[in-house]
Amino acid sequence: MNKRKNHKSKNAGKKQHRSDKQNRKPHALEGHQKRSSAKGKANNASKHGGKAVTAEVTCSGLTSEGKGIAQWKGERLEIAHLMPGEKAEVLVSKKGQFVHAELKQVIESSKDRVAPPCPYYYECGGCQLQHMNQQAQTRFKQETVDVLMKPFGKPEPIMTMDHPYDYRNKSHTSFGLNQQRQVIGGLYAQNTHDIIPMDRCLIHDPKADEIVQTIKGMMKSFKMQPYNEDTGRGFLRHVLIKVGKVSGEIMVVLVAASSEFKGKNNFVKALRQAHPEITTILQNVNNRKTSMVLGEQEKVLFGKGTITDTLGGLKFEISAKSFYQINPVQTEKLYTKAIEMAELSGKETVVDAYCGIGTISLIASQKAGKVIGVELNKDAVRDAIRNSKRNGIKNARFYQGDAGKFMVDMAARGDKADVVIMDPPRTGSDEAFLSSVVKLKPKRVVYVSCNPETQARDLKYLVKNGYKVDGIQPVDMFPQTYHVESVVKLVRE
Ligand code: SAH
C-alpha cells in the first residue's frame, strides 16, 4: 500500500517559481529539513553502511520513480528530489555492490523546481514529485509512458487533473506515542515504521484528515492507547477512512489490536457527535504481527458497514476491504476512455477481469450484451453482485477466483468473449491469463494498468500473439506521486 501524506502549509497548493537569478543560487532543500540527510552529519558515516563522500554531479534524466539520474566515477546514481539539468552536491555511500546517493544541496536548480507545499514532503516519501511544478510532473509522466510504449505506438497526451490535491478518497493513519508519551497520529516515514506526526496530508480528502484529528484528541479523553508494534501492547493500530466523494458518505474503520473495545458505545457516540457526516463506523481486528493494515475480523459499530458512491452514473457499494479507485475525478476520465476503446454496440460478451467491485463491468454492461466479471477478493465480488442488483443490472455475472485460472477454464470450455477488459494489480497479468486471451480470440482487449512497466511486458506478449495496439491513453490518477495509469486498446489482427 502506498503511503501518501503531508501537512498543511501556507504554501499549500501554490506553485512557486523562482527567478532565473534565484535559480543559480545554491540552496538546501527549499528550506525543509530532510530526514536523516547529510546536514549536520559527519561526512564519513552513512546509515546505509560504508563511508559517505560528497560529490558534485549533474542530473541527466529521471528514473521511472522520479529520481534524478547522474553519473559519478562510472557509477549510475539515483538521487531522490533531483531534477534534470540540475547541478548538486550529493552524499554517496557504497556498501558492497549497492551505491546510495542522497541530495545534500542543489547548486543550480531547474526552472521547474518549486517549494513543495507539504512540510513533510522530504521525510514522508508518499509523494515523490512535489518539488516539480505541475508542467514538469506532467512531462515526466508523459515521457515515462512514451518510452515504455515506444514499441507499440505513440501515446495520447496524458489526461491531467485540474486541482491535483485533496483527491484521495481513502486514507490510512497510524498511531503511536512520542517521547513525552503523547498520542501522535500520522503516516510512516519512508521505509520505516516511524510515525511522522501530521494533521494534514495535501492529497487526502480534507474531511478525512479532520476526522483523524478528532480521533486523536478523543484517544486522550477515552484513555485509548495506541498499539505498540514492539511490545504488542495497546489498542488502536490505524484508522482507515473512505469517503464517497459524490455521495458525501464517510466510513471510519478503527483498526484495533483486540476485539474487546472498552467504552465502545461512548466512543462511537462522541465521534458521531463531533462528525455527524460519518455514515458508518467499523472496528477491524488485526492482532497479528504484520504490516498489513487490516485484519480478517470486522464488526459494524454504527451504520450499514459500507458506503455508496456514484461513478459513471451508477451507484456503488464499497466495503472496508474491497478495492475502489482512489481518485474518482480521474477515474471517470479513465473509465470513459476504456469504455470508448471497447467499442460496444450492445451485443458483445465482455469479460471484465480483475473487476474489483464491478465498476467497469457495470458501466460496460449498459452498452454490452452481457458482462462476466472475475475478481479474487471475496468482499469485492460480494460488493459487485450487490452493485448489479442495486443498479437494476441483469446482464452482469460475477465470479470469485484467480483471473488467470478463470480464463484458462473459459478457453478450455470453448466459451466466447468479444471484448476483454483487464485491470490487473501493479504486478500485471500472467501467462495463464494472457495465453487464454489469445485462445479466446476476443476482437478487442482493453488493458487498464496502474503500472505501465508491467503493462508493456504484457503487451509484448499479446502483440507477439496476434494483437495490435490501437490507442494508448495515459491518465494522471496519482498527482504528486510518480505513479501513472495507462489504458491501451488492442485489436485482433
Ligand atoms: N477494475 C477494478 C479493480 C482494479 S484493481 C476497478 O477499476 O476498480 C485490481 C483488482 O485485481 C483488485 O480488486 C484485486 O483484488 C484484483 N486481483 C488481484 N489479483 C487477482 C487475480 N489473480 N485474479 C483476479 N483478481 C485479482
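Cβ coordinates are placed from backbone N, Cα and C, and glycine is handled just like the others.
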Same S-adenosyl-L-methionine site per TrEMBL - residue from Glu340, Glu343, Glu375, Glu431 joining Gln325, Tyr354, Asp423: Glu375
Greatest C-beta neighbour count within 10 angstroms, which of the binding-site residues Glu375, Asp423: Glu375
8 Å Cβ shell about Gln325, Tyr354, Glu375, Asp423 centroid, S-adenosyl-L-methionine site members excluded: Phe323, Asp352, Ala353, Cys355, Gly356, Thr359, Ile360, Pro424, Pro425, Val448
Candidates near ligand 1 among the recorded positions Gln325, Tyr354, Asp423, Cys450, judged by a Cβ under 6 angstroms: Gln325, Tyr354, Asp423
Cβ atoms near Cys450 (active site, nucleophile) (within 10 Å, other residues, all chains): 20
Count of other CB atoms lying within 10 Å of the CB belonging to Gln325 (S-adenosyl-L-methionine binding site): 22
Cys450 (active site, nucleophile) and Gln325 (S-adenosyl-L-methionine binding site), distance between Cα atoms, whole Å: 10
Distance [Cα-Cα, Å, rounded] between Cys450 (active site, nucleophile) and Glu375 (S-adenosyl-L-methionine binding site): 17
